[in-house]
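Heads up: the structure comes next, in structure tokens.
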């Protein structure tokens with residue numbers, strides 16, 4: 001059986017921090033599924049289709065990465081792909097508190113599921129999608145925070 005990991009998120013938009021985690025975690029798995037979440041609760045700036053397209057553009061050079069859109073429980077998606085490991089990023093203490101709760105919740109829904117946490121590299125530690133959204137909403141230049149493939153896409157906002 002293939003070693004498969006899932007890296008879920010809203011990716012609204014995808015940032016260099018996300019790509020850093022994808023790069024490092026893709027080396028641990030035969031296949032890494034990047035699962036772009038519907039997430040109506042977060043009121044995303046970009047539609048699900050736009051976020052999926054941006055992620056596909058940003059990850060096209062990774063041979064073992066597949067991008068999918070999903071709605072519903074992450075634990076169910078993991079079962080569908082026969083995945084036993086979720087990949088998550090941790091930047092700050094508040095991320096840890098939230099991710100710990102989510103990890104326990106996912107484990108309660110799928111007992112085989114483990115969560116692997118990645119700390120960002122120092123150069124990406126401050127980057128978040130919300131910072132990028134704020135910069136682009138104010139017509140600022142966020143090109144140094146996102147993959148070059150998607151900057152033309154987000155600069156149209």
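Note that Cβ sites are derived from N, Cα and C of the backbone, with glycine treated the same way.
For 10, 11, 18, 89, 90, 91, 99, 124, 125, 126, 127, 128, 129, 130, the entry in Swiss-Prot reads ATP binding site, with the evidence type sequence analysis. Neighbour list (residue 129 (ATP binding site), Cβ cut-off 8 Å, at least 6 residues apart, same chain): 10, 11, 12, 13, 14, 15.
Secondary structure at residue 88 (substrate binding site), as computed by DSSP, is strand. Swiss-Prot lists 10, 42, 74, 88 with the feature substrate binding site.
Reduced to three states, the DSSP call for residue 18 (ATP binding site) is helix. Within 10 Å of the C-beta atom of residue 18 (ATP binding site) sit 25 other C-beta atoms, taking all shown protein chains into account. Swiss-Prot lists 18 with the feature site 'Transition state stabilizer'.
When Cα-Cα distances from residue 125 (ATP binding site) are compared across the binding-site residues 42, 74, 88, the shortest belongs to 88. Residue with the densest Cβ environment among the binding-site residues 74, 90: 74, by other Cβ atoms within 10 Å.
In the three-state DSSP assignment, the secondary structure recorded for residue 129 (ATP binding site) is helix. Here the Cα atom of residue 90 (ATP binding site) is found 18 Å from that of residue 74 (substrate binding site).
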